[in-house]
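Single-structure report; data block below.
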Amino acid sequence: EHKDSIKESQKTMLEKIKNVLRIRNSTIREMLAEALGTFILMVFGLSSVAQVILGKGNSGQYLSINLAFGIGVTLGIYAAGGVSALVAYIIGQFLGSFMAAATVFAVYYDAIYEYTNGSLTVSGPTATAMIFSTYPAPNVSLQGAFFTEFMATIMLILGVLVIHDEKNNAAIKGAQPMLTGMLVLGIGLGMGLNTGYAINPSRDLPPRIFTAIAGWGTDVFTADHSWWWVPVAAPILGCLAGVLIYKLCIDFHNHPAHETENEKEQAGMETSKL
């Protein structure tokens, strides 16, 4: 009886805490979910880059970064849940990504300072800014880098639409986050050499702003011919192009299920008349 009364009082206490902390504004709830989802994705991703660079290749290679981003995307989608409003989506992703960069910086603070001897640089033999944001490979032109990000984002959007399109051949709901993670893994395996496949402004810009504040300075924006805008602009344009391509090739020609049934019935009636 005594145990039961303790359990009851704990339940009541939890309910009270829940009622106090529960956010009733749906936009803020969506923003928090998006922030958590992006935070999970980015902690997995950025920490894997940190481990590869700071471990000088002894604690992972390029493949481990691809895998970590894929795992992060899967878990991030499971956490974020359904579709959110655009403003909540953008703010949530920005906050989550920024906090993830700060977290990874804190986790690897000692290793970063040992690796760099306290000199945080964007380029040079002990550069560490690329742990947090993408920078182009030295042999790639700005146009080539822009086209790479543009095409990688088109592939991302095409993949996402294929996985989620109910009118076509969508994956079952529970498998969609895992398949999206595999999609990001696939892009990293094949399209990461030139630019590091940002394919989302929120993956690149918030950590870049964090590095500017945390000690790398304005070099993070001026380096490589002011590269920073490419992983922001190219994914936005690639996203629009990807949707257009999918609609032109598949979506415009697919009929909703009820229309297809009506067409079958009409065809059946015409056949019976013959």
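Using the three backbone atoms N, Cα and C, a Cβ is placed for every residue, glycine included.
No curator has checked TrEMBL annotations; they are predicted automatically.
What TrEMBL records for 31-54, 60-79, 86-109, 140-163, 175-199, 226-246 is transmembrane segment.
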Cβ contacts under 8 Å made by the transmembrane segment (140-163) with residues that lie 6+ beyond its boundaries: 169-171, 176, 179-180, 183-184, 186-187, 191, 194-195, 197-200, 224-225, 227, 230-231, 233-235, 237-239, 241-243, 245-246, 251
Contact between the transmembrane segment (60-79) and the transmembrane segment (175-199) (at least 3 Cβ pairs under 8 Å, separation 6+): yes
Long-range neighbours of the transmembrane segment (31-54), counting only residues six or more past its ends (CB under 8 A): 23, 60-62, 64-65, 67-69, 71-73, 75-77, 79-81, 84, 88-89, 91-93, 95-97, 99-101, 103-104, 107-108, 111-112, 115, 128, 130-132, 202-203, 207
Distant-in-sequence neighbours of the transmembrane segment (175-199), which means Cβ under 8 A and at least six residues beyond its ends: 62-63, 65-67, 69-75, 77-78, 130, 133-137, 140, 144-145, 148-149, 151-153, 155-156, 159-160, 163-164, 230-231, 235, 238
